[in-house]
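Colleague: Grabbed the feature section from TrEMBL, which reads as follows:
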- 6-23: transmembrane segment (TRANSMEM)
- 33-66: repeat 'TPR' (REPEAT)
- 135-168: repeat 'TPR' (REPEAT)
- 169-202: repeat 'TPR' (REPEAT)
- 203-236: repeat 'TPR' (REPEAT)
- 246-279: repeat 'TPR' (REPEAT)
- 357-390: repeat 'TPR' (REPEAT)
- 431-464: repeat 'TPR' (REPEAT)
Amino acid sequence: MEDKLIAIFLGFLFGGMFLFVMSRELYRMLKTQYSSAAEGNRHLRQGNLEAAVSSFSKLIEKQPDNVDAYLYRSSAYIQLNLLEQALDDCNTITELAPQNHYAFLNRGAIYGIMDEDEKCIKEMTRCLELMPDQQDALRNRAYAYSRTGKIETALTDFNRLIELAPDKSSYYSERGNCFLSLQKYSEAIQDYTQALQWIKDSWELYSWRGYCFARIGKEQQANADYKRALELNPFDTAIKQNPEDITSYQQRGNLYYDAGQYQNALNDFSKFEETSELTAEILVCRGYCYLNLGEISLAKAEFQKAHSMNAYGDAIKKDPLNSSHFLERGFLNYYREDYQQALHDFTHAWKLGEQSEELLPFRGAAYMKLHEYTKAKQDYETAIQNHPDSPHAYNGLAWLLATCPDETFRDGKRSLKLAKRNCILLITPEWNDLGTLAAAYAATGNFDEAVRLAKESLALAPEHEKADCQTRLEHYEHSEPYCDFET
């Protein structure tokens, strides 16, 4: 019984907003005698962006070397999403005043908004060279590092931000997201809890913390956080006000999924069915809902549709060095039973430095499906060595050693040790964990215990797995170990 293969849905995106010179900087008076400076400042503070552009343009006509006027006009352009014009103003500033760190801050923010993360990082680094510990630059650079998969480096910037501003709640939540990406769930929980001291009504923080609690087996705390997240979520109201608000359905569907309410999630994702916005991403989400509901054929159909729409292809083309895109596509290919392609994606993710605890157990399971037992065993062993307190590989390796069709791989005694360790780490074992433990006992000749556990596994198993569970139980009742010829 191979390792549980559960897709991870992280309810956040790094880099949702890049920071540039905004209102808190505008109280610094422009050094000019012209009234258009004050007008531009006032318009910018009030959000009258086009009027602000006009005022600063008039000032620039009269003072073509006025650096501040270019700076503030670039900020107005950014908010108007006129990024090329904003970029031109920043370029002009760096020519007029090469030491003006705000120009690099704004130019880096522009590149961030344009999804040119490496350029963003370069600009923010230059800003920090000119003005060490400039918090907006540190935060922007951390966002960009995160989006390029350099989570450890991003973590360094967030650590510094917290040293500079230990009472800033957003820094804790953002560092928590880094820890979550690194699968350091306990550290993430600490940061989310700290942030919740200041932001008590954040549905996102409760959702993220709930996810982390679930990953370390603290189901009671996870359920409490998910319940609170659902109570606080803004999407119910948004949908009532506008039943055609597709984005809110997607966001609420993600939250339902994380909370384990798969039918509710599926209902929300299905709102896309008759719209032009049915994307490969939504099909993948629906596939995982069906998978968790035990509707295997429907799940495979959704995954196949997503594959035909080149799921993750655009993301990989845009950011070919981001290992998580290949990992996610590997999950998709595994579930649509293209194990060779799944191996290709998992291996590529591994070469790019992907550190997910799930990667090697997934690749090991794919090797098992292709009867490459030596490679499967090696992946499971490496996964356990790298993450000795993570249950993902223990179940897979225990199953291989107990049931492998090739007798040279069987080792009932070690299988039993691994299966027990898996159940201890999980705290609340599921049907397939108990099934693996039963197979391990059978492999050691303890059929009484194998029968007892196989019955427990059968009682907990989803409907589509019950026939196989029954078959294994009958083997043990006849004092026969089980051999998994289908693997």
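Just so you know, glycine gets a Cβ as well, placed from its N, Cα and C.
Annotations in TrEMBL come from automatic prediction, not curation.
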Colleague: Same-chain Cβ contacts of the repeat 'TPR' (431-464) under 8 Å, 6 or more residues past its ends?
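Modeller: Sequence-distant neighbours of the repeat 'TPR' (431-464): 1-2, 4, 294, 296, 395, 398-399, 401-403, 410, 412-413, 415-416, 418-420, 422-423, 470, 472-473, 475-477, 479-482.
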Colleague: Should anything in the same chain at least six residues away from the repeat 'TPR' (203-236) have a Cβ under 8 Å from its Cβ atoms, list it; otherwise answer none.
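Modeller: For the repeat 'TPR' (203-236), the far contacts come to 10-12, 173, 176-177, 180, 183, 185-186, 188-189, 192-193, 195-196, 248-249, 251-252, 255-256, 258-260, 425-428.
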Colleague: For the repeat 'TPR' (33-66), would you mind checking the mean pLDDT of the predicted model?
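Modeller: Taking every residue in the repeat 'TPR' (33-66) and averaging pLDDT yields 82.
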Colleague: Could you count the residues of the repeat 'TPR' (431-464) that DSSP puts in helix, in strand and in coil?
Modeller: 29 helix, 0 strand, 5 coil
Colleague: When secondary structure is assigned with DSSP, how many helix, strand and coil residues does the repeat 'TPR' (33-66) contain?
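Modeller: With helix first, then strand, then coil, the repeat 'TPR' (33-66) has 26 helix, 0 strand, 8 coil.
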Colleague: The repeat 'TPR' (246-279): which same-chain residues, six or more beyond its ends, come within Cβ distance under 8 Å?
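Modeller: Counting only partners 6 or more residues beyond its ends, the repeat 'TPR' (246-279) has Cβ contacts under 8 Å with 9, 11, 203, 207, 210-211, 223, 226-227, 229-230, 233-236, 238-239, 285-286, 288-290, 292-293, 309.
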Colleague: With DSSP, how much of the repeat 'TPR' (357-390) is helix, how much strand and how much coil, in residues?
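Modeller: Summed over the repeat 'TPR' (357-390), the classes give 25 helix, 0 strand, 9 coil.
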Colleague: Where else in the chain does the repeat 'TPR' (33-66) make close Cβ contacts, counting only residues six or more beyond its ends and a cut-off under 8 Å?
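Modeller: Apart from its flanks, the repeat 'TPR' (33-66) reaches 23, 26, 72-73, 75-77, 79-80, 96.
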